[in-house]
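Features as listed in Swiss-Prot:
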{"type": "COILED", "residues": "23-272", "note": "coiled coil"}
{"type": "COMPBIAS", "residues": "311-321", "note": "compositional bias 'Basic and acidic residues'"}
{"type": "COMPBIAS", "residues": "326-348", "note": "compositional bias 'Polar residues'"}
{"type": "DOMAIN", "residues": "10-280", "note": "domain 'F-BAR'"}
{"type": "DOMAIN", "residues": "382-441", "note": "domain 'SH3'"}
{"type": "MOD_RES", "residues": "S2", "note": "phosphoserine"}
{"type": "MOD_RES", "residues": "S76", "note": "phosphoserine"}
{"type": "MOD_RES", "residues": "T181", "note": "phosphothreonine"}
{"type": "MOD_RES", "residues": "S343", "note": "phosphoserine"}
{"type": "MOD_RES", "residues": "S345", "note": "phosphoserine"}
{"type": "MOD_RES", "residues": "S346", "note": "phosphoserine"}
{"type": "MOD_RES", "residues": "S358", "note": "phosphoserine"}
{"type": "MOD_RES", "residues": "S362", "note": "phosphoserine"}
{"type": "MOD_RES", "residues": "Y391", "note": "phosphotyrosine"}
{"type": "MOD_RES", "residues": "S402", "note": "phosphoserine"}
{"type": "MOD_RES", "residues": "S427", "note": "phosphoserine"}
{"type": "REGION", "residues": "310-380", "note": "region 'Disordered'"}
Amino acid sequence: MSGPYDEASEEITDSFWEVGNYKRTVKRIDDGHRLCNDLMSCVQERAKIEKAYAQQLTDWAKRWRQLIEKGPQYGSLERAWGAMMTEADKVSELHQEVKNSLLNEDLEKVKNWQKDAYHKQIMGGFKETKEAEDGFRKAQKPWAKKMKELEAAKKAYHLACKEEKLAMTREMNSKTEQSVTPEQQKKLVDKVDKCRQDVQKTQEKYEKVLEDVGKTTPQYMEGMEQVFEQCQQFEEKRLVFLKEVLLDIKRHLNLAENSSYIHVYRELEQAIRGADAQEDLRWFRSTSGPGMPMNWPQFEEWNPDLPHTAAKKEKQPKKAEGAALSNATGAVESTSQAGDRGSVSSYDRGQAYATEWSDDESGNPFGGNEANGGANPFEDDAKGVRVRALYDYDGQEQDELSFKAGDELTKLGEEDEQGWCRGRLDSGQLGLYPANYVEAI
């Protein structure tokens, strides 16, 4: 008698050689196309990040360059600080180049390769996927047919074994039962014999089909291997290509290996190391400290042709280039190293006027003693000029006027070298305002 039939013995494996399990290899072709799309999306997102970072650097550099130029920092340290803004602009350009390389080179390279490697069909899907599917199906078809016969033969054999075991159990139990007649006993014995014959027949058929499957297996394996290797070659091209693309992306992203990037920071370091504290201190001493020239008081003859000899001359701007001060015995020229700021902050302008308007009535333009060279111009409307505001202006300091576009006020003096004028609002408030914010009426 054969061994007992056990349905659990029918194990389903996940092997490539099982019928239909080649579909994972076929699916890999479709996955390859999708992965190309994923890589392009990945590159696009990184390019957006590079673009945004480059713009942020540019905006940061512009804002802080203006703040530094208008601020109180001076000399070589100012130039060193400003070099950071130059670094930001140059690095911004490099990140723009990274963005352009990612989009114009790397992404386009993947897109073109994908287009050449995968060919869409009118009915959907890719030509390469269909060729692989057809190749595997053709190689597996004869073997799959044999496997179907084998499964049927095995099932018949196992069923016959099950019937044989059941018949033998009944026949053995009947021997102990008094109610079973000899005729019934004989039928049970015949049933056992018949089941044994069925087991033998199904076993022979099962073994024969199994032998046939064994004979076709080598040919089946050869055909499947051939199609699989074709898929492997296609996948190898994709893997090698994407590796090359990733290396290109790395090369574009790695600014540390970019000679221009290295040069930017070499220049920045040189600019910072060029800052000289002693030089800056000497400059400040000569332009804003004890080293400045001075018109020391001395006896002056009265000259009827010069009615305002007692009035002090206006000081030059703090950082104006080529500022010259002269005295009675000679002229001494002091040149600023900071350069023309273009737009002077209220800090600088306030410093200049704080020294101009002293409490000495002989030099105070607000003084009321006419013997000192003239009357206070703020007290005489006839000496003022009516002007109209072109733009809104909000005073940033206590000595500045505030007005709206269209407001009228009185101009009480000429524009100074820093672009400010003295004026009076109709409310009587006196102060300073930007000269180019108004027009004569």
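Please read every residue number as a count from 1 along the shown chain.
Note that Cβ sites are derived from N, Cα and C of the backbone, with glycine treated the same way.
Ranked by Cα separation from Y391 (phosphotyrosine), the modified residues S76, T181, S402, S427 are led by S402. Of the listed modified residues, namely S76, S427, the sparsest Cβ surroundings within 10 Å are found at S427.
Annotation note: T181 (phosphothreonine) sits in a coil segment as assigned by DSSP. For the modified residues given as T181, S402, the lowest number of other CB atoms within 10 Å of the residue's CB is seen at T181. Looking only at the modified residues T181, S402, S427, the one with its C-alpha closest to S76 (phosphoserine) is S402. Taking H, G and I as helix, E and B as strand and the rest as coil, DSSP gives the domain 'SH3' (382-441) the counts 5 helix, 26 strand, 29 coil. Cα of S402 (phosphoserine) to Cα of T181 (phosphothreonine): a span of 129 Å.
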